[in-house]
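**Q** Quick one: the structure is below, questions incoming.
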């Protein structure tokens, strides 16, 4: 898809307005305590912009995957004094407290997102209200009919005048809060986080500084078929790691021991290698591996001499020669996009490949102006763990959304926003 720039929060008249902001506060919780507040902090610039301009904020988010209830069931529960769809592990109440501390001002928590008209009507400029988890209602979901989503969006739309989307992580969802509200209000703009995501993906998918390398890893070829197919039209180099590399190696006739392999995808691997050759895209596969006989961490795993993996062994990371080759390739490029780890990085003996990629991208960005983009999910976690995330050009907050963009799909939560004026 070609990503067009969208109307920015900077172009909106916010003074005296009640501004509905769809944020992504889907933070990790441990017994009600937030273990990583990165997503909350990422939303602060948009919230502060509204408050500085003399508006008030009504914030909407999901957290986790609660079961949820229908609006009809919610009405009954609400009239009986209950909180519709409530699940302790998915409540946004701890987020309201954390947000209040970060903003240094009170944040009012509305315990039922569809029964908050009273709370919202009492708001003055400078006030912030956080609605309870929108997924406590099933109508938020993209699997519901348009009419059902619309019914929920109508109620939420009545709380505000202006709609801002700052939740790139759910931009691939056609849901009540992502697409329903802007359609009803007739306006929709991107917050700063959404704007940054669109800007970087537009660059890498449009006209990036060249050469451009894609580093693709993860377990299954089947999860990345569309991504590989789409990116092959845009890149100069493709580095493949993770368990998916062994399907490609087997397709080339190498022995892969007991490493993971998708037999049904061998033909696809061969055709992709041929397509790359025709398009003069250089696909680089691992030339050595870090192996063991079982899927567990050991002090001295076997490092192979070449591409072949011995019988009875499984590869769990790329080897030192491969690391050197991949790092050299990244060093030759002016743009890099990374999606998926090189090995089982959660286990220390098999983390070197993934962390070496993170380091090469961080150093390239910091020292040579490389445009580096991390496509969310496991790659973002690995970049954080390696300490290199802060040196990258952009670490995406949306695993699923960034994957769909790289596959060439359009994102409903982006296309619904107004075009830049």
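Glycine too: its Cβ is placed from the backbone N, Cα and C atoms.
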**Q** 39, 149: which one does Swiss-Prot list with 23, 24, 25, 26, 61, 62, 64, 65, 135, 172, 173, 220 for the (2R)-3-phosphoglycerate site?
**A** 39
**Q** Of 206, 242, 331, 362, which does Swiss-Prot put in the CDP site with 218, 223, 340, 345?
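**A** Between 206, 242, 331, 362, Swiss-Prot records just one in the CDP site with 218, 223, 340, 345, namely 242.
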**Q** Do you know which of 243, 245, 297 Swiss-Prot groups with 219, 224, 315, 346, 378, 379 in the ATP site?
**A** 243
**Q** Out of 172, 223, 243, which of these binding-site residues is nearest residue 315 (ADP binding site) by C-alpha distance?
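**A** Nearest listed residue in space: 243.
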**Q** Pull out the binding-site residues from the set 242, 243, 345 whose C-alpha sits within 10 Å of the C-alpha of residue 220 ((2R)-3-phosphoglycerate binding site).
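**A** 242, 243, listed in sequence order.
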**Q** Which whole number of Å gives the largest C-alpha distance between any two of 219, 220, 224, 243, 315, 346, the residues noted as binding AMP?
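**A** Value for the max Cα separation, rounded to a whole number: 21 Å.
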**Q** Can you tell me whether DSSP puts residue 379 (ATP binding site) in helix, strand or coil?
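**A** It is helical.
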